[in-house]
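A short write-up of the structure that comes next.
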Amino acid sequence: MGTLAAFATFGVGFLFRPLGGIIFGHFGDRLGRKRMLMMTVWMMGIATACIGLLPSFNQIGWWAPVLLVLLRAIQGFAVGGEWGGAALLAVESAPKNRKAFYSSGVQIGYGVGLLLATGLVSLISANTSDEQFLSWGWRLPFLFSVVLVLAALWIRNGMSESAELSISSSRKRCPPRRKSACRSSKRYSAIPAPFC
């Protein structure tokens, strides 16, 4: 039962990714990619740091797993917006003949992040006893993420909005016809389903 609960807690983040992608994508088109990407970093950073500071079950009872699930949902929501927004910004900012290469960095970064996280957990586990790791060692990677969040905020604060979005925002666009929108939504609504 404990293993099932652990996997469910881990999986809840993935359930909220599509929702984050939809909402941040919607506002990213209207308010800009940069603003949304700054927001996703803040959300991810605060949620991750709070997981590292979360009191134990012995201290606050069932509130501990409830808060953990809530924080994982916030993480997943932020990642959903981060992934799509970062990929779009990379494509829109890239030279015409290098768009695919630039956008691949988002996917590569995800894999590199997993490898680094696994390596850090393995390093902490190797240098602590089982009791120490269960008591406080598991918290260290979550708290260390604060450094990465600050670095990400500093980098993103200095970047500019994509030229393509700026151009498209300045153009006066006619609202789509209702019939056309309904027809298109029926045709394409099932495409993202296998990737959730």
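Glycine is no exception: its Cβ is also placed from the backbone N, Cα and C atoms.
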6-24, 177-195 - the one TrEMBL records as transmembrane segment: 6-24
Long-range neighbours of the transmembrane segment (100-124), counting only residues six or more past its ends (CB under 8 A): 83, 86-87, 90-91, 93-94, 133, 137-138, 140-141, 144
